[in-house]
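As recorded in TrEMBL:
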TRANSMEM  21-45  transmembrane segment
TRANSMEM  57-80  transmembrane segment
TRANSMEM  85-106  transmembrane segment
TRANSMEM  155-175  transmembrane segment
Amino acid sequence: MANEVLIRVLERKRKYVWPEAQLNFWLIVMIAAAATIVGIFTYFMHLQSMFHLGVPWIFPYSIATGSICLLFLFIILVLIQQRQLLPGIVVLGSFILFVLFLTGLIETSIQLFGPTGSVNSYCNLYRPSSGLANSQATLAYLETQGICQDWKAAFSFYIIGTVFLLWMMVMAWQVNQDNFD
């Protein structure tokens, strides 16, 4: 027994230092982006069903993408609270969401600014006649403008989400390389 060598394996957890202010800002913006996308496209699906129209694939796709993003952000918050947020998890999740957001951004831009029959072309088409402040035509115009602004907001939040997911992949890579010490 004297000749036996006892080898002790010390397990040491690596500590990752995340920049708190940047991480908190990123979380707030991404929660706003995902929740806005879910809300807008849920409203659009409600309108489509109310008028008994077909639902374009971008509506449920955007709701699913925003919901997955919110779930990912919730998981990140739980891991932050437990001090177990690993850069690998963040990079993988951010990359998957980046691809989903980029797909939604491309399709939303096609629908909004496409060559024929785009949403934006209909937004600038109708103007109510003056002097009819309380008419159905004015109400229809205001509803149309509201829908157009919703499309533009969804497009904007898709851009913001895509850029911020790319930023998070870079930030997680920097945390993994210990560039924030």
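Glycine residues also receive a Cβ, built from the backbone N, Cα and C atoms like all the rest.
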Ask   = the transmembrane segment (85-106): which same-chain residues, six or more beyond its ends, come within Cβ distance under 8 Å?
value = 16, 18, 37, 58, 61-62, 65, 68-69, 72, 75-76, 79, 155, 158-159, 161-162, 165-166, 168-169, 172-173, 175-176
Ask   = Going along the chain, which residues at least six beyond the ends of the transmembrane segment (57-80) come within the CB cut-off of under 8 Å?
value = 18, 23, 27, 30-31, 33-38, 40-42, 44-45, 48, 86, 89-90, 93, 97, 100-101, 103-104, 107-108, 111, 154, 161
Remark   = Beyond a gap of at least 6 residues from its ends, the CB atoms lying under 8 Å from the transmembrane segment (21-45) belong to 55, 58-60, 62-63, 65-67, 69-70, 73, 76-77, 80, 104, 147, 150-151, 153-154, 157-158, 160-161, 164-165, 167-168, 171
Key: Intrachain neighbours beyond the transmembrane segment (155-175), with Cβ under 8 angstroms and 6 or more residues off its ends   = 16-19, 22-23, 26, 29-30, 32-34, 36-37, 69, 87-88, 90-91, 94-95, 97-98, 101-102, 104-105, 108-109, 112
